């Protein structure tokens, strides 16, 4: 069970009794920063005390007017499964009582926000953003040095040899012009379209398949220069194809060439469009392929931090209204300004890390869909992606635009460290400067190294880590096995993950993909920590794009009588089925066992599951309307893939009762919400009895669980981040799209609100 920790949350629940003993208890809590147990919560629920902040905070914010714990039982009664409802969601009782009792007494505090005015060398030479707090440049891709004046040479190709004239394969491999600031391949001068990408297979010849139906394979040793550069009238090379003639089918071209890079649209990359940046530079800058080029007077990864050069009227909402203290010597050069802003705790300080941990990973990506949750079409309309790892970007954007954000590290309750592991892993080995050679090809090892370097940076450059040994720091690990990859130095911190493996049963890497396996990472780097600690960490939902049609259909609200199937699971079922994953270890064997018992589609041998039934659907055949199939079922399977999968989110968002089978591995919010009130957990050794167990639930219990699913489904949407995008589109075009219209009608708490409630309280 997650404890709302003193050092991992901004407020602590402390017993306030009119006795010296209670005072001693409070002092003890401040001197010994240990995570309070649930026993503590059940015994002490009578006041709310901020943890960090000004020296006046403990005195000013102790509330002695709450009823004692026994009375909270009556004020906020528990439900059928001992859940306590707070803001419509069924929480574990101790947490639900605490949130319900403390929410009403939280007060605003006055926070001094420092507005920086330090300058950078040569104003970063136009190739970077000046951090006006530190007076340091954050250089764009391909540039370095104190003033970003030094140009890097980031080659596209690995060292060549007679056998491999372009080097061994890497995503950036290039037989044409290499832009060495980004390690990206383009047509180059001398062609009709010099800025057209020549991505991967486009520039190389193919070997014919060895057998009928097999795919063509690129020969990375032989460039296909004719199909790139020729000016032949009927079949011009890719770099000389006129889009109008190609669309009119007047000319032929190499079909393997396409438009993979961000910032362009069309089959031939002929239309420049918006690039994808964090918060689209907040209206104070220009997005250049993933990095924000901020307007004068603004800085930060999303240009959301004002300097003394900015106008107060343009400051973001999280810094307004502000009382600005203008010094007497304001007619001279002002280095810093102090602005007094009223805020509610908890306060989150976001590190402005060197861009190599985030924005450069976005700027240099070779495939526009990688590690982002949206791109832009030919009319600059938002196209949401199905990139499951997009949750990392969504949460980051919400924190940066949140009223809980602060620039004052001394007042902060939490410190968010923005390392984008979804980009690191997606981009591992995609260019020579991101080589995994030193990591033996293990993306897990490369990712761990990035987090270790981020830790080294904040310890060396900032004073905040040591005050709690990092227990008030937050790191997000979005990949398949979450914080299994975390370096030992940061394990005290709060980990946000999608994979809550406590290692109580599966005490090893569970992925079937060898490059992500972490078993061989030595203990002197990783330590011996579990992948997830329910006392301090939190599993967040995976990203699911907003679908206007699905939202308007209100599938989540479909009643019991319209859910005809008892159980539904649609997904890869392993090697026994056509196109199934070949590894026996895939899904830890769970999907395979389910299919063996209940498969409703024939496997390679033409057999159905031993216990197949008409109202039980277990199939690898993708439904024509997956969401509709989920919404037509009472129970839906939630099983692992290579680590986590998005099946929990699919079930909840369509109003289906999730059936979880993965021993010792937590699902989203499972250590804080009362899962028994809306889900079913079945042990792996109970798989043969799955349907028998589900048929044993009476209609009252089924209706109860369905009703609770309907209460929490919005907590599995990243609506806050989506609405930030909707606001940007409305500002740009004067209207909102269908998905935004539907989201505007939702009023319950989303992922970000739940994150804030779990870690702190609102």
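Each Cβ is built from the backbone N, Cα and C atoms, and glycine gets one as well.
TrEMBL lists 12-35 with the feature transmembrane segment.
Predicted-model confidence for the domain 'EGF-like' (116-149) is 96, expressed as mean pLDDT. What TrEMBL lists as domain 'EGF-like' is 116-149.
Look at TrEMBL and you will find 120-130 (among others) tagged as disulfide bond. Residue environment of residue 130 (disulfide bond) contains 26 other Cβ atoms, counted within 10 Å of its Cβ in all protein chains.
What TrEMBL records for 139-148 (among others) is disulfide bond. Counted within 10 Å of its Cβ, the other Cβ atoms near residue 148 (disulfide bond) come to 24, all protein chains included.
A 10 Å cutoff on Cβ-Cβ distances gives residue 120 (disulfide bond) a total of 21 other Cβ atoms nearby, all chains included.
Between the CA atoms of residue 120 (disulfide bond) and residue 148 (disulfide bond) there is a gap of 10 Å, rounded to the nearest whole number. Comparing residue 130 (disulfide bond) with residue 139 (disulfide bond), their Cα atoms are 9 Å apart once rounded. Within its own chain, residue 139 (disulfide bond) has 124, 127, 128, 145, 148, 355 as residues 6 or more apart in sequence whose C-beta sits under 8 angstroms from its own.
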